[in-house]
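The structure under discussion appears below in the form of structure tokens.
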Amino acid sequence: MEDYKKQWNTPGDTSTLRKRKNLSENTPLSKDPGRWTQDDPGSSNGTLAECHGSDSNNPPATLLLLLVVASLSFSTRFHRLSEPSHVCWDETHFGKMGSYYINRSFFFDVHPPLGKMLIGLAGYLTGYDGTFPFVKPGDKYEDHNYVGMRGFCAVLGSFLPIFAYLIVLELSQSSTAALITAAVLIFDTGCITISQYILLDPILMFFILAAVLCMVKFNHLTQRSFSASWWFWLVMTGASLTGALGVKFVGLFVILLVGLNTISDLWRLLGDLSLSMVDIAKHLVARVVGLIILPLFLYVTIFAIHFVVLNKSGPGDGFFSSAFQSRLIGNNLHNASMPEYLAYGSTITVKNLRIAGGYLHSHWHLYPEGVGAKQQQVTAYLHKDYNNVWRVHKQDHNESQSGPPDLVRHGDIIRLEHKETTRNLHSHLHEAPLTKKHFQVTGYGMNGTGDLNDLWQLEVCGGKKGDLVKVLRSKVRFLHRATGCVLYSSGKTLPKWGWEQVEVTCSPYLKETPSSQWNIEDHINPKLPNISLSLLKPHFLEILLESHIVMIRGNSGLKPKDNEMNSKPWHWPINYQGLRFSGVNETEYRVYLLGNPVLWWMNLASLGLYLIMSAVASVALQRGFSLEPKRKEHAHVLLRGGGLLLLGWLLHYAPFYTMGRVLYYHHYFPAMLFSSMLTGITLDVLFRSADLLLRPPYSDWLQRAGLMGLLFTVLYSFYLFHPLSYGMTGPLAHEPGSSMAGLKWMDSWEF
């Protein structure tokens with residue numbers, strides 16, 4: 001604190017200002033490589049102008065504080081890491097996916113693969129053998145080594161307060177602001193909980209903060225352009241962006257943040273008349289290489305490794321096209337051989353192209369009374385089955401019995417006969433079972449006899465009349481001749497009378513969508529020569545594109561189910577409701593994901609305070625008020641450092657209001673990191689402004705009292721709420737004798 005007194009008691013010290021050059025001299029930046037001294041508030045080679053004070057310029061003290069932050073962060077994350085010794089919440093998904101990597105079994109997830117790959121690698125390196133099934137939350141781990149995967153996530157989660165400390169230190173040049181930020185994150189029960197389990201969130205947040213830290217480090221190297229350290233932080237920024245996007249698509253938000261910062265940085269360079277256009281072009285090319293080409297290369301490399309490792313058939317096969325499946329060892333299409341082009345008389349299976357669209361399927365069961373015509377059910381089935389097999393016939397039964405069969409072409413009128421039941425694929429004007437604006441699809445007739453409602457026109461998507469139908473590769477549609485509708489997999493699950501299979505309809509809406517597109521998967525015709533399906537395997541760019549299409553469709557398909565709790569974005573900053581990680585009743589080990597309410601509400605209050613303080617600072621600077629140097633420094637820290645963090649918070653929070661997918665409380669945690677860093681800067685500037693109320697030394701006493709009060713509040717609130725993270729047993733919060741008695745401050749909290 002003596003450093004603070006020294007700074008605050010020398011209002012006439014203009015040593016910093018003496019280093020400045022007039023902007024009209026076209027030298028907007030100081031020659032001091034470690035600090036910015038640009039007066040223009042619109043400058044953005046980062047976010048900060050002049051730094052305020054010397055409390056961050058003492059390397060031994062800074063290192064000591066950093067070690068204290070690291071020690072507290074790691075100790076809070078690793079405390080009782082192995083408890084509970086059963087599967088908690090989404091460990092059932094991401095632990096299982098780590099096992100798939102160890103076993104090399106292909107699976108599907110709506111997120112890019114990097115996070116799961118790292119979890120699997122951590123498990124493999126720490127002795128986990130990939131045999132635990134991860135069936136449901138609450139399953140005991142028994143003798144399986146799960147602590148290594150939890151420990152990996154805890155390590156990355158432990159770096160969050162460290163990275164936040166360094167970011168705020170760079171933006172504010174104030175150890176106090178950095179320590180406030182670190183304390184909020186170290187002792188937040190939500191951050192602790194979400195870092196202690198086998199989840200993607202700590203991995204994602206690690207890369208987000210790493211990208212921001214590298215960006216602000218790079219921004220501070222204005223006077224050392226193209227030096228080794230300049231290139232290092234630029235490349236590390238790009239690599240961190242790859243990491244964030246490689247874990248979840250939410251990483252796009254930090255990419256946007258870095259992109260906006262880079263655009264503003266280049267705009268500043270364009271206004272620097274000391275730089276030639278060649279110099280500016282070099283800066284542009286360097287950023288394109290470091291922030292676009294390199295991240296793109298690394299991102300594609302992640303998927304290349306993903307496809308190489310997961311080379312065996314697994315539970316994810318059915319989400320991908322038949323051509324994609326043909327590359328998976330153990331899949332029935334791998335190294336198989338079949339005729340290349342569809343012909344009349346062939347026996348085939350037909351797969352829908354939507355996610356979980358299923359195979360065209362029928363069975364002996366009829367639609368029940370009151371559900372359209374009481375004819376044979378036609379559904380889509382997600383698994384391979386003999387009831388998925390159909391025969392292809394001409395509309396007039398006039399098929400050659402000798403010689404090579406005729407090939408099916410774009411625009412042909414065909415009949416599809418179900419092999420097992422010999423009924424034809426049929427539609428009519430009866431209402432579909434679930435999708436009421438569509439028509440019912442049934443199996444009708446016997447031994448190939450039927451009526452005109454059995455005729456379908458086959459179209460190759462993007463084809464022209466006469467084009468052949470290639471197995472695996474051609475996308476086809478079946479247009480019903482009598483009604484003009486198109487064969488469609490709705491994705492809706494039928495009731496028990498339909499064996500909970502997927503509804504198939506005939507849609508009057510003819511727009512091409514994956515739900516109305518199909519491909520021929522299995523193809524048997526002894527009259528045609530076979531080719532190896534290895535010749536039809538998609539190349540790397542095709543499977544890369546397909547995997548992204550499937551992931552994007554999967555994300556958009558995550559809609560709230562009936563009676564499912566769907567968190568709202570406005571719930572999150574006020575800590576309205578948490579998530580049960582483990583346990584429900586008093587006999588179980590309970591862990592509840594909920595941010596420390598005192599700290600979260602302080603973040604919210606600080607956000608409002610920041611808006612007021614930054615508005616006052618903006619008006620004062622814009623109107624040219626005569627301000628002491630340190631007041632200008634405070635204003636620059638608020639507007640540039642705080643402005644960057646406010647933008648980061650908005651980019652990681654506001655987009656969720658536009659999303660139609662199901663949302664959960666944990667989606668807010670990346671935004672919460674920015675909010676906590678903004679709290680550190682805001683409260684630090686507030687405390688440093690104590691001399692506006694009192695003269696020294698009383699202002700120094702007030703500042704110290706404020707910091708001590710804040711520290712006490714952080715620690716005491718953690719003491720009160722730490723059982724949420726480290727586990728509760730016994731009576732619930734509303735019952736006598738509970739360790740959380742009196743702390744259920746909101747009825748929506750469920751602990």
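The backbone N, Cα and C atoms fix where each Cβ goes, and this holds for glycine too.
Among the features that TrEMBL reports, region 'Disordered' is placed at 1-54.
The transmembrane segment annotation in TrEMBL covers 147-168 (among others).
The transmembrane segment feature in TrEMBL is assigned to 174-192 (among others).
What TrEMBL records for 199-218 (among others) is transmembrane segment. Residues 46-47, 89-91, 94, 111, 114-116, 118-119, 153-154, 156-157, 159-160, 163-164, 166-167, 170-171, 230, 233-234, 236-237, 240-241, 243-244, 246-248, 250-251, 254, 257-258, 261, 644, 648, 652, 666, 669-670, 673 of the same chain, all 6+ positions outside the transmembrane segment (199-218), place their C-beta atoms under 8 angstroms from a C-beta of that stretch.
The feature transmembrane segment is assigned by TrEMBL to 230-263 (among others).
Residues 101, 104, 112-114, 117, 226, 231, 234-235, 237-239, 241-242, 245-246, 258-259, 262, 265-266, 540, 543-544, 547 of the same chain sit 6 or more residues outside the transmembrane segment (284-309) yet have a Cβ under 8 Å from a Cβ within it. Under the heading transmembrane segment, TrEMBL lists 284-309 (among others).
Under the heading domain 'MIR', TrEMBL lists 339-395 (among others).
The domain 'MIR' annotation in TrEMBL covers 405-461 (among others).
For 466-523 (among others), the entry in TrEMBL reads domain 'MIR'.
The transmembrane segment annotation in TrEMBL covers 598-625 (among others).
Per TrEMBL, the feature transmembrane segment maps to 637-656 (among others).
Summarising the annotation, TrEMBL assigns transmembrane segment to 668-689 (among others).
The annotation transmembrane segment is assigned in TrEMBL to 701-721 (among others). Sequence-distant contacts of the transmembrane segment (701-721) (same chain, at least 6 residues past either end, Cβ-Cβ under 8 Å): 1, 4, 176, 180, 183-184, 187, 189, 594, 596-599, 602, 683, 686-688, 690, 693-694, 743.
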Proximity of the transmembrane segment (598-625) to the transmembrane segment (147-168), 3+ C-beta pairs under 8 angstroms:
no
Other parts of the chain folded back onto the transmembrane segment (637-656), taken as Cβ under 8 Å at six or more residues beyond its ends:
41, 43-44, 46-49, 51-52, 168, 171-174, 208, 212, 216, 250, 253-254, 256-257, 260-261, 569, 572-573, 607, 610, 613-614, 617-618, 621, 663, 667-668, 670-671, 674-675, 677-678, 681-682, 685
In the domain 'MIR' (466-523), how many residues does DSSP put in helix, strand and coil?
6 helix, 27 strand, 25 coil
Hey, which bits of the same chain come close to the transmembrane segment (230-263), Cβ under 8 Å, at least six residues off its ends?
44, 46-47, 111-115, 200, 203-204, 206-208, 210-212, 214-215, 217-219, 221, 224, 286-287, 290-292, 294-295, 298-299, 302, 551, 555, 644, 647-648, 651-652, 655, 667, 670
